[in-house]
Structure formats: structure tokens, C-alpha cells
Amino acid sequence: MLLLWRRKTVGLICLFSILLTIYLYVSMYPEDNERVWNSGNADIQRKHEKLNNGGQGRHDFDDDEGAEKDEEDAVEKQNIAAPPLPKSFTTFPDRSKEIEIDTDLLGKINGKAEDDLQVEGYKKYQFNGLLSDRIGSRRKIKDSRNARCSSLTYSDSLPAASIVVCYFNESPSVLIRMVNSIFDRTKPEHLHEILLVDDSSEWSNATDEAIKYREKHIIQWEKVKFLKTDKNEGLIRAKIFGARRANGEVLVFLDSHCEVNEEWLPPLLDQIKQNRRRVVCPIIDIIDAITMKYVESPVCTGGVNWAMTFKWDYPHRSYFEDPMNYVNPLKSPTMAGGLFAIDKEYFFEIGSYDEGMDVWGAENVEISVRIWTCGGELLIMPCSRVGHIFRRQRPYGIKTDSMGKNSVRLARVWLDEYLENFFEARPNYRTFTDYGDLTSRISLRRNLQCKPFKWYLENIYPELLPDNTPNQLNNQILVAGKKYLIKMANGTHCLSAENSQGRIANGNRVEMRKCNHMERMQQWKYSSTNELRPMGSSRMCLDSLRGISVILCHNQGAHQMWQVSNAGKLYSRSVNKCATGSNDVSALSTLKFCSLANSFQFVEL
């Protein structure tokens with residue numbers, strides 16, 4: 001009985017304590033006594049959308065309407081006033097080593113003061129500034145590399161890099177954590193210096209706190225140097241400002257809201273050591289602007305549309321049939337622009353950035369085209385990964401249409417006879433004249449003996465070529481049940497199924513052989529389901545899944561369905577490419593974008 005009485009007494013005391021706590025809390029915040037304070041990330045999302053006034057900023061650069069709207073918003077939006085250092089930064093955890101961080105737990109909001117701090121962070125940075133401050137000076141992130149990356153080796157004598165980081169009105173915690181991620185995941189011999197370039201921010205919080213942090217951690221931060229532009233130059237000219245003051249053999253440009261991953265730098269430096277004309281980029285992983293979680297990105301390459309805006313492209317699924325392609329260098333027609341490495345001397349040899357461009361926008365596409373057409377290479381390294389906070393929109397406004405002006409400069413200098421394609425994509429810039437003097441950039445192109453833009457389209461990015469998809473298909477050229485020689489127009493060679501002693505094996509290639517109407521391997525029967533079957537084996541079909549080959553017929557159409565355009569192009573809709581060939585002895589038939597493919601004559605037998 002005594003034990004039971006004690007348990008009841010303890011229970012009543014606990015209940016009384018809880019009720020007293022609730023009473024005191026409600027008394028302190030009577031105006032909010034019906035509000036739920038323990039909001040998680042769903043509540044954060046709603047606040048973020050509210051702060052953006054329902055606006056949808058761009059994540060991808062291939063949204064033309066979004067690009068134009070972003071430009072208009074940039075012109076109309078005014079710079080926000082300089083606020084004081086967030087109170088959340090006064091408890092910024094300074095850690096000596098990386099630890100696992102539970103961002104879900106840290107993201108909880110308790111009380112009106114924290115709620116106000118969170119709202120303030122979104123207004124200032126367009127990401128969760130409060131959560132960033134709580135995460136602290138360093139954290140452990142997921143190693144997002146493919147497992148094969150850890151077995152790769154690199155040269156023992158790699159060049160040392162100057163890392164150039166430009167920022168404007170940045171969060172102190174994000175900037176400090178980025179620098180620490182570099183020190184924690186970079187070998188000292190690979191790092192010459194880190195240049196933090198303050199592009200005349202409206203408030204000096206990030207620089208001031210980073211300087212204080214360096215004073216406390218002078219041994220580790222010894223290689224950090226602080227630079228400041230005389231006036232706000234914009235990202236493009238701020239990068240040039242930093243590059244001119246760098247002393248390392250290689251320049252590595254990083255955005256200020258990044259965290260580098262394990263062994264991120266050797267894959268970049270190794271390619272430049274092999275060929276100083278190589279410009280190399282990491283895979284850009286995502287740091288979620290709301291949850292601050294580190295999210296792995298797939299392997300992809302940079303592309304562009306006729307509006308000259310950047311977009312991401314994904315390699316064809318057949319590319320990864322070789323598992324090593326998850327780690328091999330990948331040629332990229334363009335780069336996103338914020339994160340890349342380049343030999344310092346080569347950067348200035350090819351003209352650095354176009355200093356006639358303003359602030360940011362299109363400079364990444366311009367330098368990409370220049371690299372490829374003027375003798376360089378642009379690669380993406382899957383074993384180098386850097387996380388980047390993708391914000392919905394910039395946290396500050398600009399008073400000029402920099403994206404539009406810069407795109408016009410790019411188009412008028414580099415597009416040659418394809419300039420009209422740009423104006424068709426962006427007709428509002430056809431009469432735009434305030435793009436500045438182009439004389440020096442045209443002279444640079446001539447002095448570097450750069451190839452024409454047509455070469456870039458045909459050899460680097462044929463996806464952009466006009467007429468890649470046949471506009472008109474002719475259903476009268478091939479008739480079901482008939483047999484044909486498929487002969488190159490104005491040529492002497494025909495499509496011929498590869499065989500061994502007259503037998504065609506599943507997966508055999510298709511060769512270009514001198515035409516012989518008696519040769520059964522050159523006779524192709526067209527079926528009612530648009531298949532082309534070699535008479536040497538009626539069970540096989542011409543297939544486009546892995547290039548041009550002969551595969552067992554599956555009667556499903558898809559890669560075994562062929563049509564002919566009015567121009568005589570043999571077209572596979574499933575891969576949106578056409579068969580092509582040559583008159584070279586024993587050449588193989590391949591797939592190309594239709595604008596680059598040969599025309600054929602279909603000779604009925």
C-alpha cells in the first residue's frame with residue numbers, strides 16, 4: 001500500500017508540473033496560445049513559399065519562360081536593406097571535427113523568437129539560414145561517389161590549386177562551413193590558397209565572421225586570403241578579379257554556398273596535368289535549401305537550347321552498360337559555370353570571361369562554346385562531387401537585364417549563320433542594341449583561330465542541330481512484303497548484315513559493302529510492322545537499341561521500327577536518329593542525328 005501511495009504521489013506531482021509549465025507558457029505568449037510551435041520541415045516549406053509570394057524561381061536553366069520572368073523580376077526587385085548579424089549565429093557551434101548532423105531534429109522550431117529568426121534567414125539568403133547556423137562550422141556528409149572511385153589512383157605530383165570563392169551578402173555559417181569542408185577533404189599539397197572575394201556586399205557579416213574565425217583557427221586557415229572589390233562588380237567580373245590575384249597553377253572556382261565531398265580535387269587536377277587545355281567540372285550534388293540535407297545527383301552533362309540558356313542532359317541508358325562509365329571522364333558540351341577547374345595560364349590565354357558581360361548569366365555557355373571551338377576540352381568528372389545549395393531565386397535584386405544582354409553578346413560573337421535561331425527563340429532581343437562593344441571578343445575569336453559554330457553543332461552538340469527529327473515521313477517509299485537494296489545516295493555501298501559463313505548471329509553489326517543485288521545479306525524485306533529483315537535470316541531485324549545491329553525480331557516495334565523521310569533518311573523514332581554509312585571499305589553503319597546522316601536510295605528487287 002505504501003508503494004502504491006508513493007507512485008500515485010509522484011504521478012500527481014509530475015502532472016501538476018506539466019500543467020504549471022503549460023500555464024506559464026501560455027501566459028508568456030497569450031496572443032499565440034492556439035499556435036503549434038513544433039513545426040517540422042513541412043511548415044518550413046509553407047513559410048518559404050509564403051516569403052516568395054507564391055513565386056516559382058528556376059532550378060533548371062532550360063525553362064525559357066522562367067528565364068524571361070526571372071530577368072523581369074530581377075529588374076523590378078530592389079536590393080534589401082542591410083540587416084544585423086542573425087541572433088542564431090551567436091550560438092554557432094564551432095566543431096574541431098566532422099560529426100553526423102540530424103537536420104530534421106535541428107530544423108524544429110520552438111517559440112516565436114526562433115520562428116522570427118527562421119523567417120529572417122529566408123528573407124536574407126533564400127535558404128534556411130537558421131538551420132545552417134545550427135549545423136555549425138563543419139559536418140559529416142554522405143560520400144556520394146560511385147564505389148569504384150575509391151580504387152582509382154592519380155599522379156603523385158599534381159599541380160596545386162587556388163580556390164576562388166566570390167560572394168555577395170552571403171550567410172556567415174555557410175561560408176565558414178564551405179571553407180572547412182575544403183580543409184577537411186583536401187590534401188594540403190593540392191591546395192595553394194583559398195581566396196574569399198567579397199564583391200562589395202551590402203553588409204559585411206560573412207567577411208567579418210570569417211575573419212574572426214580565421215583568427216581563432218589561424219593554423220588551419222593560414223591559406224585563406226580575403227579580397228574585396230572596390231565596387232559591386234557582379235559574379236563575372238568578381239571571378240576575374242580573384243583569378244588575377246591567384247598564385248596557384250590551377251584555378252578552381254566554387255560558389256560560396258557549397259560543401260565539397262571526399263577526394264573531390266584529385267580527379268580535377270589529374271585531368272589538367274594530363275592536358276592543360278582541359279577544363280573539368282565536378283558532379284554538382286544538391287544541398288536542399290529547406291532541409292539542408294545533402295542529396296546525391298545523377299551523372300549528367302551540360303546542354304544548351306537556342307535561347308542560349310543552360311540545361312542538364314542525361315546520357316543515353318546504353319552509356320552505362322559499361323560500369324566504368326560511372327567513373328570515367330564524360331565530355332560535356334556546356335557547364336553550369338559555378339564550379340570548375342582550369343589551368344590559370346590557359347584561362348587567360350583563351351580570354352577568361354567576357355568582361356563586357358554584366359553580373360551573371362550566359363557566361364557559362366559562352367566560355368563552354370569558346371573552350372570547345374578554340375581547341376580545348378570540357379569534361380565532367382563523376383568521381384569529383386561538390387554539394388551546392390540551389391536557391392529558388394537570388395536573395396538580392398539587380399537593376400539590369402544581365403541575362404538578356406549577355407546572351408545577345410554570346411549570340412552575336414559566336415553563332416555565325418545560326419544567329420537567326422537565337423532570335424527565333426528570343427524574339428524580344430532581335431532589336432536589342434544595348435549590348436556593348438564586341439570588337440575585342442570578335443578579335444579574340446579570330447586570333448585563337450576558333451572553329452565555326454557549325455563545327456560545334458556537328459561534333460560537340462548535334463542535339464541542337466535544326467531538322468534532327470524528319471518533318472515529313474514518306475510512307476510510299478517502302479512497301480510491306482517487298483525486298484530492297486539500301487544504297488547510299490550518290491554512293492556505291494549498301495547496308496549489309498555481318499555474317500560468318502553465311503550465318504547471321506544475334507547482335508551482329510551492319511556493314512557498308514559494295515552493292516551486289518545477288519547478295520542475300522544486302523537484301524532487306526520490309527514488314528507490315530515497319531521492320532527491315534535481312535534475307536539471310538528472316539528471324540532477324542534491323543535494330544537501333546545499341547547502335548545499328550541485327551537482333552532477333554520481337555514484333556514489338558520500338559527499336560526495330562524504321563521509316564523513311566522525304567529526303568531518303570532511314571529514321572528510327574525510338575532513338576530519334578537516322579542510320580548512316582560511308583563508302584569506306586568494311587565501314588560500319590552507325591546512328592547519327594538525322595541532320596548529319598546520309599540519305600539512302602531504296603532499290604526494289
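Backbone N, Cα and C define each Cβ position, glycine as well.
Taken from Swiss-Prot, the feature transmembrane segment covers 12-29, and the record attributes it to sequence analysis.
The region 'Disordered' annotation in Swiss-Prot covers 49-87.
Sequence annotations record features per position, and here Swiss-Prot assigns substrate binding site to ASP199, SER256, TRP360, ARG391, TYR396 based on similarity to another entry. Long-range Cβ contacts of TRP360 (substrate binding site) within its own chain (separation 6+, distance under 8 Å): GLY234, LEU235, ILE236, SER402, MET403, ASN406.
Secondary structure of the region 'Catalytic subdomain B' (329-391) per DSSP (helix as H, G, I; strand as E, B; remaining residues coil): 17 helix, 20 strand, 26 coil. Per Swiss-Prot, the feature region 'Catalytic subdomain B' maps to 329-391.
Under DSSP, residues within the domain 'Ricin B-type lectin' (481-605) fall into helix, strand and coil as 9 helix, 53 strand, 63 coil. Look at Swiss-Prot and you will find 481-605 tagged as domain 'Ricin B-type lectin'.
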Across the whole of the region 'Catalytic subdomain B' (329-391), what does the mean pLDDT come to? Round it, please. 96
Over all shown protein chains, what is the count of other CB atoms within 10 A of the CB belonging to ARG391 (substrate binding site)? 16
Same-chain residues at least 6 apart in sequence with Cβ under 8 Å of the Cβ of SER256 (substrate binding site), in sequence order, are VAL165, CYS166, TYR167, GLU170, VAL174, LEU175, MET178, ALA206
Under 8 Å by Cβ from ASP199 (substrate binding site), counting only residues of that chain that are 6 or more apart: CYS166, TYR167, PHE168, LYS228, THR229, ASN232, GLU233, GLY234, LEU235, ALA238
